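Worksheet for the structure shown next.
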Amino acid sequence: MAKSKFERTKPHVNIGTIGHVDHGKTSLTAAITKYFGEFKAYDQIDAAPEERARGITISTAHVEYETEKRHYAHVDCPGHADYVKNMITGAAQMDGAILVVSAADGPMPQTREHILLARQVGVPAIVVFLNKVDQVDDAELLELVELEIRELLSKYDFPGDDIPIVKGSALAALEDKDKSIGEDAVRLLMSEVDNYIPTPERPVDQPFLLPIEDVFSISGRGTVVTGRVERGVIKVGEEIEIIGIRPTSKTTVTGVEMFRKLLDQGQAGDNIGALLRGVDREGIERGQVLAKPGSVTPHTRFKAEAYILTKDEGGRHTPFFTNYRPQFYFRTTDVTGIVTLPEGIEMVMPGDNVAMDVSLIVPIAMEEKLRFAIREGGRTVGAGIVSKIIE
């Protein structure tokens, strides 16, 4: 099935397979590429290369394929720990996920944990592939497993009653056996993914935000901040807010330059210098953000989901307890924060993932799903994501 080069005119969506070990995530990934992309065999996907994201090494396999409607980038991880790290660090962003559950086993501990993680890190939508249906002869048993999956999804605030569940066999698809549960099921799955997982809003259509990396003054012109526009568009003459660390203030962008050329606007992905009206060099600093007024607010207290590195990954050698005070690295700067562990959790060991409350000593421009690194003296010891803002 030779395919021509990918058309970039289609909307692009990032997805991934999640679910319990040996339920068939990698086989399904291979089967999807067989019908919608350049076929990648199970072994090619399973031998995932290691990558580093936020100082953490993660094994992830990336494949790409396309349906009539969309172009997809798909990630599959070989080990459970890789999933946890991947979802928390956002190394591979997911606009949606395909949850793979073996019909023979039903939901297992990692099924539950991946659904919880998907909820915590804000994966917007899930479609289910009920795999290995050829191993279950009893239709009632299949119904029970489906019911169990729906209940589990609902428990973690996904719309369990509405989520599409496609029954099939990834192996049958790979081996060209029983077409109804093989090829047909994989095609049906992708049509459900096309229709059920929303197309993400492009960064350029979102409200403007630029994390400040550097500040300097140009004599006779004023104060310039530099950084990469994270989202949205900024036009010369627009009013913006300076948010985080200090009280929020307003200013007007009087100039935008890129590669020493003056522009009338900067947009998501551009590295720009922005000239600000009436801002003193001392009144602004790295770690603050420029943003569209009212679009983002400063906060100090939040709930987070975090992964703590093992000693081998260069992390801590010892556990930590409530009142642990590391630095939290948000976007471009470190801020000290105080950790409170949930009731019933005495300590956190290197290699754990944990839900925790954090209180920062100064406010940071913050939204749910914002990611951060946890550092001690400049060394990364963990990674996390804001799951809920408290104040």
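Cβ atoms are placed via backbone N, Cα and C, with glycine included.
A C-beta separation below 8 Å, combined with a sequence spacing of at least six in one chain, links Lys25 (GTP binding site) to Thr17, Ile18, Gly19, Asp76, Val100. In three-state terms derived from DSSP, Lys25 (GTP binding site) belongs to a helical segment. Under the heading GTP binding site, Swiss-Prot lists 19-26, 76-80, 131-134, citing sequence analysis as support.
Look at Swiss-Prot and you will find Thr26 tagged as Mg(2+) binding site. In sequence order, Thr17, Tyr42, Ile45, Asp46, Ala61, Asp76, Pro78 make up the list of same-chain residues 6 or more apart from Thr26 (Mg(2+) binding site) whose Cβ falls under 8 Å from its Cβ.
Residues or ranges marked as domain 'tr-type G' by Swiss-Prot: 10-201. As a whole-number mean, the pLDDT of the domain 'tr-type G' (10-201) in this prediction is 94.
According to Swiss-Prot, the region 'G1' annotation covers 19-26, on the basis of similarity to another entry.
Among the features that Swiss-Prot reports, region 'G2' is placed at 55-59. Taking DSSP states H, G and I as helix and E and B as strand, the region 'G2' (55-59) has 0 helix, 4 strand, 1 coil.
Note: the region 'G3' (76-79) comprises 0 helix, 1 strand, 3 coil (DSSP; helix = H, G, I, strand = E, B). Positions annotated as region 'G3' by Swiss-Prot: 76-79.
Same-chain residues lying 6 or more positions outside the region 'G4' (131-134) and placing a CB less than 8 Å from one of its CB atoms are 23-24, 27-28, 100-104, 142, 167-172, 178, 181. Summarising the annotation, Swiss-Prot assigns region 'G4' to 131-134.
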For the region 'G4' (131-134), the DSSP residue counts stand at 2 helix, 1 strand, 1 coil
Per the Cβ under 8 Å criterion, with at least 6 residues separating them from its ends, the region 'G3' (76-79) contacts 16-17, 21, 25-26, 29, 45-46, 48, 58-61, 63, 86
Residues outside the region 'G1' (19-26) whose C-beta sits under 8 Å from one of its C-beta atoms, at least 6 past its ends, are 42, 45-46, 61, 76, 78-80, 99-102, 105, 107-111, 114, 129, 131-132, 170-171
Between the binding-site residues Gly19, Asp22, Val133, the one whose Cβ has the fewest other Cβ atoms within 10 Å is Asp22
